Amino acid sequence: MKIKIHNKTNISIKYLTKILKKIFFFVPERQNIHIIFITPLKMKKMNFYYRQKDYDTDVLSFINEIDKDSLGDIFINLKKAQKQSQNYNHSLSREVCFLATHGYLHLKGYEHHSKDELKKMLIIQEKMLKKVDLDKKIISKNKKNNND
């Protein structure tokens, strides 16, 4: 799968671009996706406009119904991802890839309205992350990954 990355923040994402391309390299899709890094304010506005939720969130995804070559767009709140990576005591790379895979699964039709649905999504996400050594087991054993 090809991904196109857009950075609408003032935070450098060069190292994130490499790992995101690597994780989606293993996905056997012909369509591409866009991953867009945005600010908390932009995310809050989008969350309110599209979901009527008046707060910023970490990730939103939207299916692209116009361009048949594109599966959709994944918007990631980079500041929130930074905070969450610190709260969960893992690398920013893991958090961003976790959010990107989560958004991708939503584009593929997965939902998490129940605990079972969420568990199924989390298992798939961890399998995807494991392919680039960002799964939970690797991170907890290898503390040097926390230096992103």
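In case you wondered, yes, glycine gets a Cβ from its N, Cα and C as well.
Swiss-Prot names His102, His106 as Zn(2+) ligands; from the candidate set His112, His113, the record adds His112 to that same site. Taking a C-beta cut-off of under 8 angstroms and a sequence separation of 6 or more, His102 (Zn(2+) binding site) has the following same-chain neighbours: Val59, Met121, Gln125.
Counting Cβ atoms from all protein chains shown, His112 (Zn(2+) binding site) has 15 others lying within 10 Å of its own Cβ. The local packing around His106 (Zn(2+) binding site), expressed as other Cβ atoms within 10 Å of its Cβ over all shown chains, amounts to 19.
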